[in-house]
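Here is what TrEMBL records for this protein:
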- 18-116: domain 'Pyrroline-5-carboxylate reductase catalytic N-terminal' (DOMAIN)
- 87, 88, 89, 90: NADP(+) binding site (BINDING)
- 180-283: domain 'Pyrroline-5-carboxylate reductase dimerisation' (DOMAIN)
Ligand SMILES: NC(=O)C1=CN([C@@H]2O[C@H](COP(=O)(O)OP(=O)(O)OC[C@H]3O[C@@H](n4cnc5c(N)ncnc54)[C@H](OP(=O)(O)O)[C@@H]3O)[C@@H](O)[C@H]2O)C=CC1
Ligand SMILES: O=C(O)[C@@H]1CCC=N1
């Protein structure tokens, strides 16, 4: 294990060992993203889950990472890693963290991906002050197009801040935010890919219902979403301005937007983002209760 520098320079990531405690969709998205970008080598990455050995074997053969199956291997991996990612569901977090807290030590950087769990709750669960990066990534990290909000505990050094930021920048964009804003990030970009997929599902279903083949409806929808996102990025124009350019006065787009307004589209999006952020807080409050029991 390498001791992370406390100065303000980025450590050589290739020398660090990282492990993912929890090996589900989000852990896999980050692992795949950082390996595809050559940020580190598969031998430097360990992963473990609770019981699903088949999944661990799959991940090991797919990415060449070290999958820990036995309790001894899991404990050793947690003890010896420089960076420990917490990647289990919020409902499992309190028990999982309490179980291993004696294996962890302040020389390690803890990176939490867990929705809603505050730094303060995590410090209670760990039972000792440790450097913590609380993050809210999204699954688009898989292809290097993630969007991750990050907050830090007070004990995080400049070097560890740079490290956490570099890890997530390698798989997309990062935003360092005040901790309470992480709930908003959850509502916006953490859950956000699902909103876009939901919209795509509805567009494909509409195209098919109105007579296109399923395949044509799917391809046209994908290209439309891809093109629209790229247009915003490439032109730097506001989405509202780009929308105006599609919307001819009294034309077909205006007719469609009027339908969206009839169904209160903007209000629906605000309510959804707000509810997601609230739900993250509720899940965080549940973990806090479990941390104290
Ligand atoms: N999915 C997403 O889009 C995002 C998820 N997140 C956060 O990431 C975290 C993980 O989510 P996601 O990947 O979707 O969840 P998954 O259900 O896909 O994966 C959860 C993983 O945690 C493991 N696990 C649960 N309990 C334990 C335990 N006691 N010891 C070891 N491993 C354990 C599970 O193992 P097993 O299968 O063996 O039970 C499984 O590998 C959540 O906290 C979520 O809030 C954050 C941003 C986006
Ligand atoms: O749905 C969830 O709870 C997690 C957090 C953000 C995305 N998925």
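Just so you know, glycine gets a Cβ as well, placed from its N, Cα and C.
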**Request:** For residue 90 (NADP(+) binding site), just count the other CB atoms lying within 10 A of its CB, please.
**Result:** 18
**Fill in**
For NADP(+), residues beyond 87, 88, 89, 90 with C-beta within 8 angstroms of the site's Cβ centre include exactly 22, 24, 86, 91, 92, 93, 96, 113, 114
**Request:** Give the sequence-ordered list of residues that share a chain with residue 88 (NADP(+) binding site), lie 6 or more positions from it, and have CB atoms under 8 Å from its CB.
**Result:** 21, 22, 24, 50, 96, 114
**Message:** Just to be sure I understand, if DSSP states are collapsed into helix, strand and coil, how many residues of the domain 'Pyrroline-5-carboxylate reductase dimerisation' (180-283) fall in each?
**Reply:** 88 helix, 0 strand, 16 coil
**Asked** Are there any residues in the same chain, six or more apart in sequence, whose C-beta is under 8 angstroms from the C-beta of residue 87 (NADP(+) binding site), and if so which?
**Response** 20, 21, 22, 23, 24, 26, 27, 30, 113, 114
**Secondary structure composition of the domain 'Pyrroline-5-carboxylate reductase catalytic N-terminal' (18-116) [DSSP: H/G/I, E/B, coil]** = 50 helix, 18 strand, 31 coil
**Prompt:** Among all the protein chains here, how many other CB atoms are within 10 A of the CB of residue 89 (NADP(+) binding site)?
**Reply:** 13
